[in-house]
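Here's what Swiss-Prot has on this protein:
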TOPO_DOM  1-8  topological domain 'Cytoplasmic'
TRANSMEM  9-29  transmembrane segment
TOPO_DOM  30-463  topological domain 'Lumenal'
CARBOHYD  N47  N-linked glycosylation site
CARBOHYD  N147  N-linked glycosylation site
CARBOHYD  N210  N-linked glycosylation site
TRANSMEM  464-484  transmembrane segment
TOPO_DOM  485-495  topological domain 'Cytoplasmic'
TRANSMEM  519-539  transmembrane segment
TOPO_DOM  540-560  topological domain 'Cytoplasmic'
TRANSMEM  561-581  transmembrane segment
TOPO_DOM  582-586  topological domain 'Lumenal'
TRANSMEM  587-607  transmembrane segment
TOPO_DOM  608-612  topological domain 'Cytoplasmic'
TOPO_DOM  634-637  topological domain 'Lumenal'
TRANSMEM  638-658  transmembrane segment
TOPO_DOM  659-681  topological domain 'Cytoplasmic'
TRANSMEM  682-702  transmembrane segment
TOPO_DOM  703-715  topological domain 'Lumenal'
TRANSMEM  716-734  transmembrane segment
TOPO_DOM  735-754  topological domain 'Cytoplasmic'
TRANSMEM  755-775  transmembrane segment
TOPO_DOM  776-822  topological domain 'Lumenal'
TRANSMEM  823-843  transmembrane segment
TOPO_DOM  844-865  topological domain 'Cytoplasmic'
TRANSMEM  866-886  transmembrane segment
TOPO_DOM  887-895  topological domain 'Lumenal'
TRANSMEM  896-916  transmembrane segment
TOPO_DOM  917-932  topological domain 'Cytoplasmic'
TOPO_DOM  954-996  topological domain 'Lumenal'
Amino acid sequence: MAAFPRFRFLAIAVIFHFAYIFSIFDIYFVSPIETGMRLFNVQRPPNRSAPADRLVLFVGDGLRADKALQSHPEPYPKSDADLTPRPLAPYLRSKILEQGTFGVSHTRVPTESRPGHVALIAGLYEDVSAVTTGWKLNPVNFDSLFNRSRHTWSWGSPDILPMFEQGAVPGRVDAYTYGHEFEDFSSDATQLDLWVFDHVKDFFAEARRNKTLAEALRQDKIVFFLHLLGLDTTGHSYRPYSKEYLNNIKIVDQGVKEVAELFRDFYRDGRTAFVFTADHGMSDWGSHGDGHPDNTRTPLIVWGSGVAKPQLYPGEVAPGHDEYSADWNLDHVRRHDVAQADVAALMSYLVGVEFPANSVGELPLSYLAADIKEKAEASLVNVQGILEQYRVKEEKKKATELKYRPYQPFGENGLSPERRVAEIRQLIDAGRYEEAIEESAALMKVGLGGLRYLQTYDWLFLRALITIGYLGWIAYALTTVVDLHVLHGRVRPSRTLGGGLFFTSVLVALYASLVISKSPLTYYVYAFFPVFFWEEVYAHRESLAAGRKELLGHINSGGSVASFVLNSALYVGVIESLALGYIHREILSVLFVLGSFWPFTHGLSFLKKHGALSATWFLACIAMSTFTLLPAMKAENVNLITIGGVLMVVIGLLYLIFEDFVLADFSWNAKPTSRNHLSRSLVGIQVGLTVLSIIITRSSALSLQAKQGLPRGNQIMGWVTLVASLLMPLAYRLRPNNHYMHRILVIFLTCAPTFVILTISYEGLFYLVFSALLVSWVRLEHAVQKFTSSKAPQTAATKKPTTTTESHLPAPFRPLTLHDARVALFFFILLQSAFFSTGNVASVSSFSLDSVYRLIPIFDPFSQGAMLILKLMIPFALISANLGILNKRLGVAPSALFMVVMGISDILTLYFFWVVKDEGSWLEIGSTISHFVIASLLCVFVSALEPVSAAFIAGVEVGEESELKEEGKVAEKVVEKVNEAVEGLVSGGDGGGDES
């Protein structure tokens, strides 16, 4: 495809996949925020006030519901009695048993701090992409409880408080924060919570002296927000089952008790409502973000003015309990679960302010100490806020649609929202409060359904467009492969006037509909790619026909047809099994076990000739199969880190000892080559850097485990070792050794120190086994090609091309054949394994931050995330280098196999696109998002790996190249001698003539 050479194909691949990754956010996770709504609150007579004059919100960041309410031994026992399990939050527990109402607040994905706080305080669920905005100052630019309050005072983290302070009415919210340097994962995080409690005490001490402040604190409709980050930081550092985390719960409970008593002593009016909850939970491996139940279940304890007393069921199990709360010893107290956004509605009601404009929370009536009439009024106001959002959204949708399809329950056959609200008002006026509450609850569900209907209004059109786009990419990629790497550009594209008019008309029609609908700019991108891809495929239809003859021309008998169909079904089955492997990691183990027998399919003669190589492949596959059987959620294991690092050092030392054997393709018969002493010295330095990384990592890990912090010297040396090791390949340019095995070792040792520093358990062993598997794969594929080519006569499809004026490729590159599909499939499986063998496929959050603390102990999500990405990229770097060498050994173009994989990989992407969920269990939602994003990014990685591969193998020589060069030199000398002899004869003949 002369018009679209290789580098343009790669650029198109990257742009297309990045654009289409965001399609799930335009389809499934559109921001629900709207403006222009009227606000509603419960109207009361002048002589009646709100349930509470003030509200105190405690958010224990990262606190799991079970850990808060279970019984545990004393974290730091001083006597045998301390070993007896007891509640670690006795004050909060007393509120559950005596004064308030409790339950579990269920969060949504992503289970991160910003989305969690937005749901709690604004009552809405931001779209999933908003999680990244929580890592930088990005004001919450929509309505919230704080914005509705008369005034809000807040204390806590600089990552959370400024968002609400700067997003509210100027001067409405005061935020008191500690510095970012306090968020040190290597220090005692309880100091963060103690800082908050101490500053609240100082604040009220100042109020006793400051008359202006005291008057402000005596107003109604005020809110106090205490953000307690210590639990989250401790959970990340030590895990939520650790004594440090449990001790932090004790400190939080004591702090809440002291603050509650402070309010009681200061106000002495009993008009304060207290809410204690969390923004998200924490997984057993110290992370959050996905939809695992440990991350989505948080405690909710409410007590004080306007709050219902506990409902007790002595001697029996109270309603609301299940297996999850069986060990809390609270079975006799009714448990009232809520969705996280419901908390915002509850707090708004208690303090007597309007419900936030975009709130979708349902007011939990079971938490209210109100009579039935008050509950009926509150329910109606709650549903009016939802219906107001529906009205505004519907008006905007009508304005951009040629033919609007109304929501059926509110359509021609259903009652309008206004009519149904009027009916509920009549029920309240008639004193039929129970019926009014039931009707409000039913209308609430219909209203939320209407909001969802409008949210998903464009789904069918967009999903069809994206699907056609992905199918177009697959067809375009495979067409490009056939044109470039099978036909070598011999067939020119054939465009017709009719075809051009057709595709242009389709694009114009799509864009016209998008303009009328006032669609976002991203929609135009989604519409462009399908038309572009399918037009390219149509223009190269003759290439496809010629490619079919080249690739399938030899399939002309019943047996060959059956073999082709069977192999095709097998390959499709493997790809489908990889989709299941995203959920069940064990499937990758099965694939490796099956793949270990691949050399046996070539017969005994092949095994006899390549016995050692086949055995290496078999053992490497079996070893690789074990990693996906190990738990993805792993704790730090310094001994395993050390063992992995030592084995990396052993590999480097063995190479230095047996260099001649390795460079002779593992043969003892070859003559020893001249030693490149500079190159060997550099290998020794790389081995030394790996040893240094082991020492530093072990020291840093033990220091952090002992809670002694990260020594400054260790941090500096860790960075020096990491950077120096990554720069070492530049030194080899002084006197390069271009043998492919030497190049592979250099890359292996380049990444080894980084992998040691950033590993927490068995990942170092994976790095070793994975590297061994890749090397044996490169050698085995070459051996198979030589073996099969020596047995089978060459056909037109297998001959190496000669240089012709028609070919767009240089002579060394042979055309692809059907047999290369297996090589591409192996490459694809190895890509999946590179990511999944050490991580939980369903949860990106399973990649622990423990290793990053050895370099960056202070909370810095972008830098820490970059370190994790660097670690994840190392196996991909190994694959790219080995595949580049394999391309050379097989004689195919550098981009050929990359492009094949880029085409077939989106079969997985398209599958995961259709199974993305935005409702259901939070685990399902988070998993489907992760699956789609990972599958999409893998294709982007492949497109990026080709230039990486080219850089890694620049100038590298495989065995055949060296032999050809030597043969070429001999041939040149022979030709020179022949020419000299001929010239001598000619000149001799001429001289004789003259003399005569």
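Including glycine, each Cβ sits where the backbone N, Cα and C put it.
Since this is a predicted model, take the numbers as computed values, not measurements.
Feature map: annotations from Swiss-Prot on the structure.
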{"residue": "N47", "record": "N-linked glycosylation site", "CB count, 10 Å": "5"}
{"residue": "N147", "record": "N-linked glycosylation site", "CB count, 10 Å": "21"}
{"residue": "N210", "record": "N-linked glycosylation site", "CB count, 10 Å": "13"}
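The listed stretches are 9-29, 519-539, 561-581, 587-607, 638-658; of these, 638-658 has the most Cβ pairs under 8 Å to the transmembrane segment (682-702). Across the residues of the topological domain 'Lumenal' (887-895), the predicted structure has a mean pLDDT of 89. Here the Cα atom of N147 (N-linked glycosylation site) is found 25 Å from that of N210 (N-linked glycosylation site).
Non-local neighbours of the transmembrane segment (561-581) in the same chain are 552, 555, 587-588, 590-591, 818, 821-822, 825, 828-829, 832, 836, 841, 904, 907-908, 911-912; each lies 6+ residues outside the stretch with a CB under 8 Å from one of its CB atoms. Spacing of N210 (N-linked glycosylation site) relative to N47 (N-linked glycosylation site) is 30 Å (Cα to Cα, whole number). Helix, strand and coil counts under DSSP for the topological domain 'Cytoplasmic' (540-560) come to 15 helix, 0 strand, 6 coil. Per-stretch counts of Cβ pairs under 8 Å to the transmembrane segment (755-775) identify 638-658 as the leading one among 9-29, 519-539, 587-607, 638-658, 896-916.
Mapped onto three states, the DSSP output places N147 (N-linked glycosylation site) in helix.
Beyond the ends of the topological domain 'Lumenal' (703-715), by six or more residues, the same chain brings 184, 186-188, 237, 244, 636, 638, 696, 850, 853-855, 857 to within a C-beta distance below 8 angstroms of the stretch.
Reduced to three states, the DSSP call for N210 (N-linked glycosylation site) is coil.
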